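Have a look at the structure below before the remarks.
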């Protein structure tokens, strides 16, 4: 049982299950005795009828349109958190994945057209390599576990979402014969309701989910890809905490294990079963599969890297915290995993005009995506494991306050993410990642990623393993001392501001740590007049420290056992 708990708490476990599910689908789709059973499962009709509304889809479409909308809901929540609080919180950093996604769509499409220009039928599939399969890309990234900086994961998620939105727009403009104006109007109304709920700070998650179901149904009936509804709902769920609870954080905490261990593996199992029957070398070397392979495996990383480099040179955007350009290039390779979205576009591109080309398009997508996955994973593993981490002593000898932060450097401190520091502070106080996650209503994986990002910034480990738990390193102890002062003072500031607003009087009492707490409580109860306008605060310390604070007018009185 403990082994299972440890497996499911490991961030890389979701990626492992995803790969197993994809491999199982390939095996079942290519074995004679299981091929029919596999396809029968995917073609099983599932009907939902509520009054005049009827949705009749097979199992494959329910997985791709309904379950994946839940996945996109989680992605929307995580991207919103980073846009508001994290690594994409500035305009320049938020622009970075947008520019990257633009390059990741334009260059692969141009490269595909260069291969297929002489074939007007094959040329119709120009948008196939422009898509990124966010689920498989994140699944491969998850295999690297907590080594991946949270900022890099969020960059990939944001890039892939924009990529998918671009693909949806392309489908609507170039591959959809008719859209339902009525359904789009209902969808617009649902979005307006979500906006009003957010503006009026409605915090009941169930209401957002109910409107989300209406939005999903309307988008599905409109002819646009229904998973878009999940991202939209995620962006409108309130993120600002109130009384320690944030609806977005709570929902993210609930959804994460379901997405990682059920939805994504089901998605992989339903979509990875590509039959290799009838494949020949001549077919594989034709312009269509070669154009797709080149677009995904070469065009994607080339376009993303080139546009990112231009954005940095022209100062249109800036790199996310703790992320190097080489890591961006490696993620660009990983974005070449087109898979399901590319397969979907291929069926739209050739289904009516040349259905015999679909099998070759799928093989090109499969080979290009596999090459991108293996190469991207290998490059990221090398880039993440090769980063130097100078020791504490070495940095102190150079005059650094902390590793990677030179004393007197305003620029260095401006790039320190205080949200990451806040999460570290909570982990230290709680004694575990799980405890901090529960206190903050976040997933353990999110907390781990934030700590990892802080370690990347400070260039050193903050915690180390001790048995089944963790303990702070020397660097962790040092950082905590400063963080504790910062967040304790900030809480004190809020107390003072709040009580001043309410016209209350703060009376600060210092208590020597050698005194009995029961004795002190009795003295204070007898001496302090009951008055709602007086707020008593007690601080415990040594006699010498209390005297010093009293002399500096930081305390109003002290209670001690010393005669002076």
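Cβ atoms are placed via backbone N, Cα and C, with glycine included.
The domain 'HTH lysR-type' (416-473) scores a mean pLDDT of 83 in the predicted structure. Residues or ranges marked as domain 'HTH lysR-type' by TrEMBL: 416-473.
Here the transmembrane segment (12-33) has Cβ contacts under 8 Å with residues 39, 135-136, 139-145, 260-261, 264-266, 268-277 of the same chain, all six or more residues outside its ends. The transmembrane segment annotation in TrEMBL covers 12-33 (among others).
Proximity of distant same-chain residues to the transmembrane segment (59-77), defined by a Cβ-Cβ separation under 8 Å and at least 6 residues beyond the stretch ends, is recorded for 41-46, 134-135, 157, 161, 212, 216, 220, 225-235, 237, 248, 251-252, 255-256, 258-259, 263-264, 266-267, 270-271, 340, 344. According to TrEMBL, the feature transmembrane segment maps to 59-77 (among others).
Same-chain residues lying 6 or more positions outside the transmembrane segment (98-118) and placing a CB less than 8 Å from one of its CB atoms are 125-130, 132, 155, 158-160, 162-163, 166-167, 287-288, 290-292, 294-296, 298-300, 302-308, 310-311, 316-317, 328, 332, 335. TrEMBL lists 98-118 (among others) with the feature transmembrane segment.
For the transmembrane segment (124-144), same-chain residues at least 6 beyond its ends with a Cβ under 8 Å from one of its own Cβ atoms are 11-12, 14-16, 18-19, 22, 68, 71, 75, 104-106, 108-109, 111-113, 116, 153, 156-157, 159-161, 163-164, 166-167, 170-171, 174-175, 260, 264, 267-268, 288, 291-292, 294-296, 299-300, 331, 334-342, 345-346, 349-350, 353, 357, 361, 364-365, 368-369, 373, 376-377, 380-381, 384. As annotated by TrEMBL, transmembrane segment applies to 124-144 (among others).
Away from its own ends, the transmembrane segment (156-175) comes close to residues 72, 75-76, 78-79, 82, 88, 94, 97-98, 100-102, 104-105, 127, 130-134, 137-138, 141, 223-225, 227-228, 231, 304, 331, 334-335, 341, 344-345, 348-349 of its chain (Cβ-Cβ under 8 Å, at least six residues beyond either end). Among the features that TrEMBL reports, transmembrane segment is placed at 156-175 (among others).
The transmembrane segment annotation in TrEMBL covers 181-200 (among others).
Through the fold, the transmembrane segment (207-237) approaches residues 53, 55, 64-66, 68-77, 79-80, 161, 164-165, 167-168, 171-172, 176, 178-180, 183-184, 186-187, 190-191, 193-195, 197-198, 247-248, 251, 344 of its own chain, all at least 6 residues removed from its boundaries and within a Cβ separation under 8 Å. Look at TrEMBL and you will find 207-237 (among others) tagged as transmembrane segment.
Summarising the annotation, TrEMBL assigns transmembrane segment to 257-281 (among others). Non-local neighbours of the transmembrane segment (257-281) in the same chain are 8, 13-14, 17-26, 28-30, 35, 38-39, 42, 59-60, 63-64, 67-68, 70-71, 74, 135-136, 138-139, 142, 339-340, 343, 359, 362-363, 366, 443; each lies 6+ residues outside the stretch with a CB under 8 Å from one of its CB atoms.
As annotated by TrEMBL, transmembrane segment applies to 288-312 (among others).
Marked as transmembrane segment by TrEMBL: 324-350 (among others). Same-chain neighbours of the transmembrane segment (324-350): 64, 100, 104, 121, 124-125, 127-129, 131-133, 135-137, 140-141, 149, 152, 155-156, 159-160, 163-164, 167, 170-171, 175-176, 225, 267, 271-272, 292, 296-297, 299-305, 308-309, 312, 357-358, 361-362, 365-366, 368-369, 371-373, 375-377, 379-380, 383-384, counting only residues six or more beyond its ends whose CB sits under 8 Å from a CB of the stretch.
Per TrEMBL, transmembrane segment is recorded for 357-380 (among others).
Tertiary neighbourhood of the transmembrane segment (357-380): same-chain residues 121-122, 125, 128-129, 133, 136, 140-141, 143-144, 148, 274-276, 278-279, 283-284, 286, 288-297, 300-301, 327, 329-331, 333-339, 342-343, 346-347, 349-351, selected by CB-CB distance under 8 Å and a gap of 6+ residues from either end. Beyond its flanks by at least six residues, the transmembrane segment (181-200) meets 207-208, 211-212, 214-215, 218-219, 221-224, 229, 232-233, 236-238 of its own chain at Cβ-Cβ distances under 8 Å. Per-class residue totals from DSSP over the domain 'HTH lysR-type' (416-473), listed helix then strand then coil: 36 helix, 8 strand, 14 coil.
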